[in-house]
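**Q** Annotated domain 'EF-hand' per TrEMBL: 39-74, 78-109, in sequence order. According to TrEMBL, the feature Ca(2+) 1 binding site maps to ASP52, ASP54, SER56, PHE58, GLU63. Per TrEMBL, the feature Ca(2+) 2 binding site maps to ASP91, ASP93, ASP95, LYS97, GLU102.
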Amino acid sequence: MAMKNLLKEDDIKKALDQFKAVDSFDHKKFFDVVGLKALSADNVKLVFQALDVDASGFIEEEELKFVLKGFSADGRDLTDKETKAFLTAADKDGDGKIGIDEFEALVHE
């Protein structure tokens with residue numbers, strides 16, 4: 001499912017523009033600006049599925065690095081520092097990847 005079916009194109013652009021600079025990514029602010037926080041839990045899970053490129057049921061560190069591209073092809077890659085900070089914030093069970101419930105909890109925290 002395309003992100004444009006769940007989120008407003010203007011909000012996606014605004015969020016990506018706000019975090020264009022290297023090492024500027026803040027998942028809480030991004031989720032708010034892009035409109036994820038306003039979505040229902042079910043729709044957040046649809047976003048998760050779109051970001052889970054290999055359909056493993058998890059967003060692994062390698063997928064997380066490219067998470068902004070999941071919102072738009074214009075999105076930049078996250079730095080290793082940003083990727084690790086994002087993973088640490090979301091990975092509550094310590095398995096090194098983000099499950100669907102962990103992602104939904106992170107968005108709505």
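Even glycines carry a Cβ here, placed using N, Cα and C.
Note that the structure is a prediction, hence the values are computed from the model and not measured.
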**Q** Which residues, same chain and not among ASP91, ASP93, ASP95, LYS97, GLU102, have a CB within 8 angstroms of the centroid of the CB atoms at the recorded Ca(2+) 2 site?
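**A** What remains near the Cβ centre is PHE58, ALA90, LYS92, GLY94, GLY96, ILE98, GLY99.
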**Q** I need the nearest neighbour of GLU63 (Ca(2+) 1 binding site) among the binding-site residues ASP93, ASP95, LYS97, using C-alpha distances.
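**A** Comparing Cα positions, the closest of these binding-site residues turns out to be LYS97.
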**Q** If one measures from the C-alpha of ASP91 (Ca(2+) 2 binding site) to the C-alpha of SER56 (Ca(2+) 1 binding site), what distance in angstrom results, rounded to a whole number?
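**A** That separation, Cα to Cα, works out to 16 Å.
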**Q** State the Cα to Cα distance, in Å, between ASP54 (Ca(2+) 1 binding site) and LYS97 (Ca(2+) 2 binding site), rounded to an integer.
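**A** Counting only the Cα atoms, the answer is 13 Å.
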**Q** Rounded to a whole angstrom, what is the C-alpha distance between GLU102 (Ca(2+) 2 binding site) and ASP52 (Ca(2+) 1 binding site)?
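**A** Their Cα atoms are separated by 13 Å.
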**Q** Quick check: which same-chain residues outside ASP52, ASP54, SER56, PHE58, GLU63 lie with their CB within 8 A of the centre of the Ca(2+) 1 site CB atoms?
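**A** Once ASP52, ASP54, SER56, PHE58, GLU63 are set aside, the remaining close residues are VAL53, ALA55, GLY57, ILE59, GLU60, LYS97.
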